[in-house]
């Protein structure tokens, strides 16, 4: 069956327009359109609905066309030809890998298909995106080839969706109003085959889908003078502008030709959310506590060549991203530290702006490298009162609690001594009976009581006299010194008040 399918495809690719129209009319398909559109429909028909009657009709049309050649002695098997090589405009073909036509119905970027090359060139590869699960490859990474010396170039691409793909898109859930989970996305990157490439837009990019322009992510605003604004290069969703049927879709990519080479690819993907990735991480990414404990021992193992011995390492239970207590502690396997960050907030931040950089060591921490620390998860459930722990050399741990600052206030009760207020009442005392006794006639009794308490071994109370202050005490000392001087010198002589002339007495 596979050999017959390959033979039928080779026959279809060598048909003329009239042969293609007869074949499509035989099965009741539309016969209108350009030749590459007719070839697309015929290849789609052969790949997914190749019945014995259809194969017989293809063979009949082929033998009718090549009747004279088949009558010649020594007929040779038909060689695979390019679908548009015989009836196409003389335009520059694309450079790229060998094409499997049944998989892609419209690999006619820049208007031409491609001949299979004998020397297999390495293909352009794109990095895997955690939030996009690839379902089908609609167009392999294909280089954008300029057709003229103009700076602004246009590259068209024509393809059709299979009924199964259309059904998947229609039956998928909505992530938000008008946005399906299953999408047809366009990805653009540099034409570099040395390593997987990240998405990168060419200058002056514009994407048109079936006569309607598709929105492309804009630039981030830059507040720094002289710094070019950056653009988030992400997959471009084309689903809302496509024909969700067997009709042919046409995509035109407009781009600026400034010396760099770019490639485009089309994929059918399922977009995931941060909750989906978190659930997957909890399922397959949890590291056993014993393995984490062995890692701690390895970190704290005594190195004979080192003069400094590490007896413990402190790990904070606060997430460095949001300064909150960890709920799902995780880190990358490539990180050398034991400090973890919260997987919930890390995935949410990368869903909004994908960077995938570790917030602890600022090194790449891709989703495929993330693990959930089982030991730290267990510690979080057991140690609720501390925000920091210390791992010890034998693999155990202890909580680090914040030390309270020493207080300057006295430990015992304070007795307030003072004179009676204006109403003749004694001031309030912290200990009933003691303050009033000291300020009244019964102070001796209270003093005896205080002495008795000291003799019984109890700590005495601190006595503070609030009626004394620095100013009053200094004045009292000055008055006492003046009185002493007066007593020593005797009575002072009377001073005579000088009388000024010109003054009139008041009386």
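Each residue, glycine too, has its Cβ placed from N, Cα and C.
It is 20-24, from the ranges 5-9, 10-14, 15-19, 20-24, that Swiss-Prot records as motif 'LXXLL motif'. Burial estimate for the binding-site residues (358, 361): highest at 358, by number of other CB atoms within 10 Å. In the shown protein chains, 14 other C-beta atoms lie within 10 A of the C-beta of residue 337 (Zn(2+) binding site). Here the C-alpha separation of residue 335 (Zn(2+) binding site) and residue 35 (SUMO2 cross-link) works out to 56 Å. The CA atom of residue 361 (Zn(2+) binding site) is located 66 Å away from the CA atom of residue 56 (SUMO2 cross-link).
Mapped onto DSSP classes, the zinc finger (304-385) shows 22 helix, 19 strand, 41 coil. The recorded positions recorded for this entry are 35, 337, 358, and the Cα of 35 lies nearest to that of residue 56 (SUMO2 cross-link).
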